[in-house]
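Worksheet for the structure shown next.
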Amino acid sequence: MEAVLDSCVCVWQVCVCVWDVFVCVCQISSCLVELCVCILQLSLLLFHWIPHIGLAVFIWQFTHRKIEFDANHVYDGKPTSTKYLDRSPNVLSCSNTLHNGCHLINMQRSAPVDPTKMGIGKAIAVLTSGGDAQGMNAAVRATVRVGIYTGAKVYFVHEGYQGLVDGGDNIRQATWESVSMMLQLGGTVIGSARCQDFRSKEGRAKAACNLVKLGITNLCVIGGDGSLTGANEFRNEWTEEAKRSSHLNIVGMVGSIDNDFCGTDMTIGTDSALHRIMEVVDAITTTAQSHQRAFILEVMGRHCGYLALVTALSCGADWVFIPEMPPDEGWEDHLCRRLTYQRSIGNRLNVIIVAEGALDRHGKPITCDIIKHLVTKKLGFDTRATILGHVQRGGTPSAFDRILGSRMGVEAVMALLEATPDTPACVVSLSGNMAVRLPLMECVQVTKEVTKAMAEGRFEEAVKLRGKSFENNWNTYKLLAHVTARDVKSNINIAILNVGAPCAGMNAAVRSAVRIGILQGHNMLAVHDGFDGLANGTIEPMTWGCVGGWTGKGGSNLGTKRSLPASMIEEISLNIAKFNIHALVIIGGFEAFVGGLELVTAREKYEELCIPLVVIPATVSNNVPGSDFSIGADTALNTITTRRVFIIETMGGYCGYLATMAGLAAGADAAYIYEDPFGIHDLETNVEHLLEKMKTTVKRGLILRNEKCNANYTTDFLFNLYSEEGKGVFDCRKNVLGHMQQGGTPTPFDRNFGTKMGAKAVLWLTDKLKECYRHGRIFANTPDSACVLGMKKRAMIFQPLSDLKEDTDFEHRIPKTQWWLKLRPILKILAKYKINLDTSETATMEHVIKKRGAV
C-alpha cells in the first residue's frame, strides 16, 4: 500500500512540475506579447512624430541655409506622377509620328502617394512672360487650382519677370476664387512685360531674394523660348548658391501664337490665332468671289511659318510663303502661271498667304506689297493686301487652347512636385496626343538650330527640325498646291461617300481625297447620299475644279444618310461592278465603321466587294473605334464652349467625349456622361457643392449633360432639381443645343485634320491597290485591306476593321477603351471636388535630340 502511495505522490509531483513548466511558458508568452505591443506602440509613435521632426529639421535647415533643399525629401526621393493624364493626349495634333524623334516618357510603378499632400510645405510661383497668347489664363488657372489641391501655396507673379525683380505687391498669394472667370479670357490676366533688369545678374539676384523671402522654391514660367531660356539661366545661378539657399525647380509651358518652339506639336495660343485668321479669310473670300479679286494676307510668324502654312491648308490657298522654305528661283513666273491656271478652270478668286518673316533664296524679304505689285503688273488682276497684325493675339481662346492650357498646367504642377535637385529644368509639351516632359534647354537648342539652318540656306533641314507635324503639313501643301496631275492615267476608279450624320470637316476630307487621287492618276467618283446612293447608282465623276472652296464649308456636300449596307448588299455589289469601282473611301461616324464591317463580311458571298476600303472617322460624337479623334468634334466643342447658360445638353449618343471636353474647356462644375455612372447621391453632392460655391465671390455655374447619359435623369429633371434646390441662391437656365453642334463652318483644326486624313487615305489606297492587283484585276480579301484610318496617341495609323470589333460596344455605339476618360479627374479637381487619384506611376524624362541623326 505504501508503495502505491509513493507512486501516486511521485506522479503528483511530476504533474506539479509539468504544470509549473506550463505556467512559466505562459508567463514568457505573455511577456513576449506585451513586448510586441510595446514595440508596436513605439512604432506608431515614431511614425506619427517623424514627419513633424523632419519638417522642423527642414525649416531649421532652410532658415540657416546650411543644406540644399530637396523638393521630394519628404517622399524619400520617389517622384510622383499623374496617371490620370494618361501621358497621352488635346487636344490634339495631326502629327503622324513623334516630334523631332521624341519618345514617350517611360512609366514606372512606385508606392502610391496621397496627391492632396504632395505640396504640403511647398510654394509655387507662376508667371507669364513675353508676348501674350490666348490660353495662358487657362494654364494659370490650372496651375493655381491643382497647386492648392496638392496642399501647396501658390503665388501670382504679376508683370512677368519685371514683377519677379520688383517684388512687393507684384508677388501675391493666389486663392481658388482668384482664378475664377479667367478661363474664357484672352491674353494674360496677371500681365506680361519685357524686362531688361532680369537680363543682368543683379536683377536676377533681386528676383531670387524676393522668392526666398516667401519660401518659394518652385517656379512655373509660361512664355516663349526667350522667357524659358531666361528661366533656366536663373535656375543655374540659383544652383551655384545652393549651399547658402534652397534649390529651385523650374517647369516651363510654351505660350506663343507662332508655334515656333521645337519639342511640342502645338504651343498655347496657336489654335486660337488660327481661329482669328480663318475668320478673316472666310470673310475676305465672299467679297473676293464677288469681284474676282486676288487677296494677299500677311500673318504673324517672323521666324516660323506654321500659322501661314496651316492657314494655306485650311483655306486651300494658291500659294504660301514661309521662312523655312523660300520659293525657288523664278518663283514670280511660277506664281503667275498658277494664278492664271486657277482662273482658267473657273475659280473667281485667288488667295496668297504670306508669313511676316518670308524671304527669298537670297535673304531678301517677300512682302505683301511686292507680291501685289507683281500680280497687278503681270496679270492685271484686281489685287488687295491685308496685314492682320495683333488681331491674331486677341479674342477668346478656342476650346483646344483652353483644354491644352489646362492639361499643361496640371502636368506642370506635378512635374514641379516630383522634381529633385538632379532633375533638369523641363518643359511640358504636346507630342501628338500625349502630354510629355522634355529637357528645356534641349528644346531651346533645337529651336536655335532651326534659325541657324535657315540662315545657312539648309532649308530642307530647317523643315525637318521643326518636327514631323510641320513637315507633314508642308508635304501635304506641296501635293495639293504645286504638283501637277499625271499625263498617264492609272485606270483606277475610287469612290468616295459620306455616311451617318453630317459634320464640319467632311468636305475638307473629300476635297483632299479627290485632288490627291487625281494627282495619282486615278478617276475619282462621288457617291451621293451614302450607302443608299451606292445601291441606287447615284454616282458621278469628280474633277479638280468641282471641289474648289469645299475646305471651309460645313456639312456634307455629297449628302449623307445613316442607312447601313446589309439590306442592300446585292444592289451595292452590282453597282460596284457597273461603275468598275476599285476602292472605297468611306467618311463618317459609327455607321461608317459598322457599314465597312458589313461590306467586309459580305465579301464571302459577293466577289465584287473584294476591293480595298478605308474608313475616315468624321462625327461630332467622336465614338469611332480605332481613333482618338474624329473630324468634326473640334468644331462641335467650340460651339458648346461659347454657350453661357447654366445647364447644357450635348450630343454624342452614349459617348461622353463632348460633355467631358467641353466641361474642361468651359470650366464646368459637373459633366454627366454614360461612361461614368451616377446616382441620386452624386446629384445631391453636386447640388450641395454648387450651393456652397455660389455663397462665395464666384457667381457662375455650368452643368453639362450628355444626351444619353441616363434615361431617368433627363435634362428636364436636372433643370427642375437645380432650380428647386437653388431657390434664393441662384437662377437656372437650360439649353439643348441639338443639331447646331453639327453645323457651322469647320474650325482650323477640323479643316487641317480632314485635309491630311483625306490625302493619307488615298495614298494608302494607291499602295494597297498595287498589292491587290492579281491576274489583271483587283482582288482584296485580307483583313488589312479594309481599315480605319485613325489618330492613336501620337500617330495616324491604319487598323483593320476586323481587329477593332473586340474593342467595340455595338449596343451603345462606343469603343470599349476611350483615352479621354482619364481626363475626367482633372475636370473634377478644377471644379474643387476632393477626389482620390492613382499616383502609383512615375515618369522619366525623355530627350528631344536623341534621334537627331535620323532627322
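Cβ coordinates are placed from backbone N, Cα and C, and glycine is handled just like the others.
Note: TrEMBL annotation is automatic and uncurated.
Listed in TrEMBL:
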REGION    1-482  region 'N-terminal catalytic PFK domain 1'
DOMAIN    124-415  domain 'Phosphofructokinase'
BINDING   G131, R194, C195, G224, D225, G226, S227  ATP binding site
BINDING   D225  Mg(2+) binding site
BINDING   S256, I257, D258, R293, M300, G301, R302, E356, R384, H390, V391, Q392, R393  substrate binding site
ACT_SITE  D258  active site, proton acceptor
DOMAIN    493-764  domain 'Phosphofructokinase'
BINDING   R562, 619-623, R644, 651-653, E707, R733, 739-742, R813  beta-D-fructose 2,6-bisphosphate binding site
> Among G131, R194, C195, G224, D225, G226, S227, recorded ATP binders, what is the largest CA to CA distance in Å?
Replying inline: 15
> Could you state the CA-to-CA distance between G653 (beta-D-fructose 2,6-bisphosphate binding site) and R194 (ATP binding site) to the nearest Å?
Replying inline: 49
>> Can you give me the same-chain residues 6 or more apart in sequence from H739 (beta-D-fructose 2,6-bisphosphate binding site) with a CB-CB distance under 8 Å?
In response: M651
> Rounded to the nearest angstrom, how far is the Cα of S256 (substrate binding site) from the Cα of S621 (beta-D-fructose 2,6-bisphosphate binding site)?
Replying inline: 30
> Using a Cβ-Cβ cut-off under 8 angstroms and a sequence gap of six or more, which residues of the chain neighbour G224 (ATP binding site)?
Replying inline: S129, G130, G131, V254, G255, S256, D258, D260, F261
> Here the binding-site residues are C195, M300, V391; which one has the lowest number of other Cβ atoms no more than 10 Å from its Cβ?
Replying inline: V391
>> Quick check on the binding-site residues S227, S256, S621, Q742: which one has the highest count of other Cβ atoms within 10 Å of its Cβ?
In response: S621
> Between R194 (ATP binding site) and R384 (substrate binding site), what is the CA-CA distance rounded to a whole number of Å?
Replying inline: 35
> What mean pLDDT does the predicted model reach across the domain 'Phosphofructokinase' (124-415)?
Replying inline: 91
> V391 (substrate binding site) to D225 (ATP binding site): how many Å between their Cα atoms?
Replying inline: 22
> Say you check the Cα of R302 (substrate binding site) against those of the binding-site residues C195, G226, S227, R562, Q742; which is nearest?
Replying inline: G226
>> Is it possible to get the count of other C-beta atoms within 10 angstroms of the C-beta of R562 (beta-D-fructose 2,6-bisphosphate binding site)?
In response: 16
> For the substrate binding residues given in the record (S256, I257, D258, R293, M300, G301, R302, E356, R384, H390, V391, Q392, R393), what is the largest pairwise C-alpha separation in angstrom?
Replying inline: 33
> Same-chain residues six or more away whose CB lies under 8 A from the CB of G226 (ATP binding site)?
Replying inline: G130
>> Let me check the 10 A CB neighbour count of R194 (ATP binding site). How many other CB atoms are there?
In response: 14
> What's the CA to CA span in angstrom from Q742 (beta-D-fructose 2,6-bisphosphate binding site) over to R393 (substrate binding site)?
Replying inline: 27
> In Å, rounded, how far does the Cα of M300 (substrate binding site) sit from the Cα of S227 (ATP binding site)?
Replying inline: 19
> Any idea what the Cα distance is from S227 (ATP binding site) over to R562 (beta-D-fructose 2,6-bisphosphate binding site), rounded to a whole Å?
Replying inline: 51
